[in-house]
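Colleague: Copying in the features that TrEMBL gives for the protein in this structure:
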| type | residues | note |
| --- | --- | --- |
| DOMAIN | 13-256 | domain 'SMP-30/Gluconolactonase/LRE-like region' |
| BINDING | E15, N147, D197 | divalent metal cation binding site |
| BINDING | R99, N101, D119 | substrate binding site |
| ACT_SITE | D197 | active site, proton donor/acceptor |
Amino acid sequence: MTPELFLNRAEMLGEGMMCLPGGERLAWVDILGKRLMLANADGAMVLERSFDSEIGAVLPGAGDELILVLRKDVVAFDPTSGADRHIWSADGLEPETNRFNDAAVDAAGNLWIGSMDFDAEAETGVLWRLTPCGQAEPMARGYRCLNGPAFSPDGRTLYLGDTMGGKVLAFDLELQSGGLSNERLFVDLGAFGGLPDGMTVDTAGNVWLCQITAGRIGCYAPNGKKLKSVALPVPMVTSCCFGGPDLKTLYATTARILLDDVDLEAYPDSGSLYTIRADATGLVANRFGVGAGAR
């Protein structure tokens with residue numbers, strides 16, 4: 001599996017790589033650049049929109065709506081009209097120095113959001129579960145920076161990246177109640193390098209994990225065993241998803257954050273998007289409020 005340059009970009013913190021249901025359109029964000037991007041699977045840009053707030057993640061909603069996870073708010077955004085509607089805010093529920101970071105939708109249509117201390121120093125990060133009815137509940141606390149989350153194909157295992165701890169945790173998930181149990185270590189990257197960032201799961205249940213600072217995406221079996229690793233030509237690999245008509249192409253975002261002038265001279269394509277033709281098939285993204293398999 002050989003990475004290929006897909007879009008030559010200069011995202012400061014490219015994140016949230018998402019293939020929208022149907023497989024032909026991609027969405028991602030530049031968190032620190034406060035921008036949302038849409039492109040076709042062939043690389044043609046469709047939309048680039050700036051916002052007043054950091055954007056941690058973009059997810060599919062009902063119809064053509066996109067769910068945007070902003071600094072402390074969740075909104076539904078219509079990419080055609082540019083209109084948005086407010087869904088929920090954690091303002092006042094988290095420290096002022098926190099922001100939302102990464103998010104995913106489970107098989108029942110609930111939105112799971114991980115937050116972080118803006119400087120990833122204080123252990124104030126929270127894992128939230130937001131139902132389609134707008135009810136939010138904190139499900140876990142005490143992290144410097146949360147990434148993921150991601151779900152097993154049957155929707156009953158939740159994977160969560162404790163980025164600054166250098167590990168990925170796994171939980172049993174009760175879909176209807178959202179209850180988490182049986183917390184356990186899934187992967188400790190101390191043996192493999194890098195820190196856990198974005199991740200995605202294939203139909204076999206393998207977890208494809210971006211290992212930021214190590215410049216690679218690792219593939220781990222459901223039991224945590226490392227199966228393979230794909231090296232990218234830049235160090236800051238941040239998020240990935242399967243896309244394309246057959247969901248067999250892995251799309252990855254990268255970043256320029258933490259790189260100095262010497263690094264950027266050595267890795268000038270940092271902040272670009274890459275593709276990897278994989279020997280695996282991805283899962284159709286769940287829609288907020290709709291759930292598994294909805295196209």
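Going from the start of the chain as shown, residues are counted 1 onward.
Glycine is no exception: its Cβ is also placed from the backbone N, Cα and C atoms.
Give me the structural setting of these features: burial, nearby parts and distances.
Modeller: Taking Cβ-Cβ distances under 8 Å and a sequence separation of 6 or more, the neighbours of N147 (divalent metal cation binding site) in its chain are N101, D102, G114, L160, G161, T163, P196, D197, G198, M199.
Neighbour count (other Cβ atoms within 10 Å of the Cβ, all protein chains): 9 for D119 (substrate binding site).
Using a 10 Å Cβ-Cβ cutoff, D197 (divalent metal cation binding site) registers 27 neighbours.
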Colleague: Could you state the whole-number distance in Å separating the C-alpha atoms of R99 (substrate binding site) and E15 (divalent metal cation binding site)?
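Modeller: Checking the Cα atoms of R99 (substrate binding site) and E15 (divalent metal cation binding site) gives a distance of 14 Å.
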Colleague: Which residues, in sequence order, are found in the same chain with Cβ within 8 Å of the centroid defined by the Cβ atoms of R99, N101, D119 at the substrate site, excluding those residues themselves?
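Modeller: Residues close to the substrate site, other than R99, N101, D119: E54, T97, N98, F100, S115, M116, D117, F118, A120, G125, C145.
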